[in-house]
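Taking it in order: structure first as structure tokens, then the write-up.
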Amino acid sequence: MYELLESINSPEDLRRLDRKELHELARQLRAFLINSVAQTGGHLSSNLGVVELTIALHYVFNTPEDRVVWDVGHQTYPHKILTGRRKDMGNLRRPGGIAGFPRRDESIYDTFGTGHSSTSISAALGMAVAAQKTGSDRHSIAVIGDGAMTAGMAFEALNNAGAMDANILVILNDNDMSISPNVGALTNYLAKLLSGPLYTTVRRSGEKVLGVVPPVREFAKRAEEHVKGMVTPGTLFEEFGFNYIGPIDGHDIDVLITTLRNIRELKGPQFLHIATQKGHGYQPAEDNPGKFHGVGKFDPSNGCSIAQAGKKTYTQVFSDWLVDMAARDERLVGITPAMCDGSGLNAFAEQFPDRFFDVGIAEQHALTFAAGMACDGLKPVVAIYSTFLQRAYDQFIHDIALQNLPVMFAIDRAGLVGADGPTHAGSFDLSYLRCIPNIIIMAPSDENECRQMLYTAYLHDGPSAVRYPRGGGPGATITRDMQLLPIGKGELRRQGSWVAILAFGSMLAPALEAAETLDATVANMRFVKPLDANLINQLASSHTLIVTVEENAVMGGAGAAVMECMQAADIHTPVLCLGLPDMFIEHGVHETMLAECGLNAAGIIAAIEKKLTK
């Protein structure tokens, strides 16, 4: 079934094939991808869309000497398969297996580690300048999607690269879809570029490159006038100083190879625009590329998920609350940076389209945009993953907290995220947020508490954040009523002796389980900022050991805040802080990862017993 594919263990093997064999290789590679991801889960649509491009890049360029940087990196499965990792795909994103994103420590062909968007042009430019400075003639290539091109960092890099004489090739993979449909003026510009009339002025270098390449016609059901197209020297990318070439059919291997070979001979900044289709070659993914962007196990014969019925996720709890709250308060507006589905805003967007704002992959803009809304009477709710909030830290401080604006943050994927690994882990938000003045931070221990915290945060007259983990909680009954929680107050959940465990958020359940063995007192702290100082001081004064447990980096996290609180009160009871260690934690199964970090009941018991025996 995969006879030709199984003969490819490196790009050197690939380069020995003739053009006819490359077409068969693409067919086998696509079939292998579908069947492999069906068994492991992972990203599918984006990978099916770059099969031909990946083959062409490794066929034309001398990788790994020539550097290829993949933006975001979720579309690198074909790249991994063709660079000696085909046999490892069965353990994709599993403990001890290969990562779902490029890793420099995994392969010499992974030239730059990615996971977040819009970094590829900057990295490839740095590599191009390094080649220039060391006298190397190697090529540097950045592959970036149209969704990632909406981020400001991509344009900062284009602006810098166009002014240099470095040999960099930027390939815009235009599939008209990131995770959520792309938005804004740039996307409209690209759409017009693809569907506009034939221009009569053609740049000589573009003519040289395209040469005998046939025009793109009716590709991916685009408009009839879709591109016979070259572009004038006045286009956006040429204004940045690039030689623009395209758009060309990104699923035509022959066109890709001819074009890339010609570009390889050119000097200076080059920009190749290719048109592709997410999910190409697999009908279920073509019909619903969003569903197959990140997918669990499924039946490859029909694309149907092999899903187990589970508890309501925290994302769904937020989604339900947002719709309910929006019905009560017409000032509420929802904002997301290109994560409508993942952050649970679909229902809100459908019911309140005029109050929903997907700003694209532009986290910095999202926060300041929300700040402007808050200045003039709206009540913005920013739904964002913990890992992506990191990209807008200055905006959080300067534009929101400094002005004490009532912007609410629903921080999803807080803590470990399982198979997506360290690039997507929400390990640091408590550490980097709690030092900011004016903010309140809450961490729910169950689904119903999450709903009440969202309500409390929304009513707060200042910056607020509710951070919750990926997946489901313990299965608490969710009440329709919304109740205002007292700011900065925790609750005593179990009275014991000697040891008091202060649990934050998702760690309450394992803390209570551990307490049964230890006969420990357990407090559900609820608030990371402001802390319940009275409760902390009371427990510290009546117990011989205080233990803090959190699903956040132990350095600078909630435990550190508790120690600061006790120090301020001149209380010297010993404190044991449990949390995520000072390291990037590899991908795996969430429950197993927590156990390895000592954050399950057994780990908590072991850590406390070890402390008590010293």
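Here the Cβ of each residue, glycine as well, is placed from N, Cα and C on the backbone.
Taken verbatim from Swiss-Prot:
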type    : residues                                                              : note
BINDING : His74, Gly115, His116, Ser117, Gly147, Ala148, Asn175, Tyr282, Glu363 : thiamine diphosphate binding site
BINDING : Asp146, Asn175                                                        : Mg(2+) binding site
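In this view, Asp146 (Mg(2+) binding site) is surrounded by 21 other Cβ atoms within 10 Å of its Cβ, with every protein chain counted. Long-range neighbours of His116 (thiamine diphosphate binding site) (same chain, six or more residues apart, CB within less than 8 Å of its CB): Val72, Thr387, Phe388, Arg391, Thr423. Maximum intra-site Cα distance, thiamine diphosphate binding residues His74, Gly115, His116, Ser117, Gly147, Ala148, Asn175, Tyr282, Glu363: 32 Å. Taking CA atoms as the reference points, Asp146 (Mg(2+) binding site) and Glu363 (thiamine diphosphate binding site) are 16 Å apart. Within the same chain, residues at least six positions away from His74 (thiamine diphosphate binding site) with a Cβ under 8 Å of its Cβ are His43, Ser46, Asn47, Gly100, Phe101, Gly294.
Of the listed binding-site residues, namely Asn175, Glu363, the sparsest Cβ surroundings within 10 Å are found at Asn175.
The number of other Cβ atoms within 10 Å of the Cβ belonging to Gly147 (thiamine diphosphate binding site), over all protein chains shown, comes to 27. When secondary structure is read from DSSP and collapsed to three states, Glu363 (thiamine diphosphate binding site) falls in the helix class.
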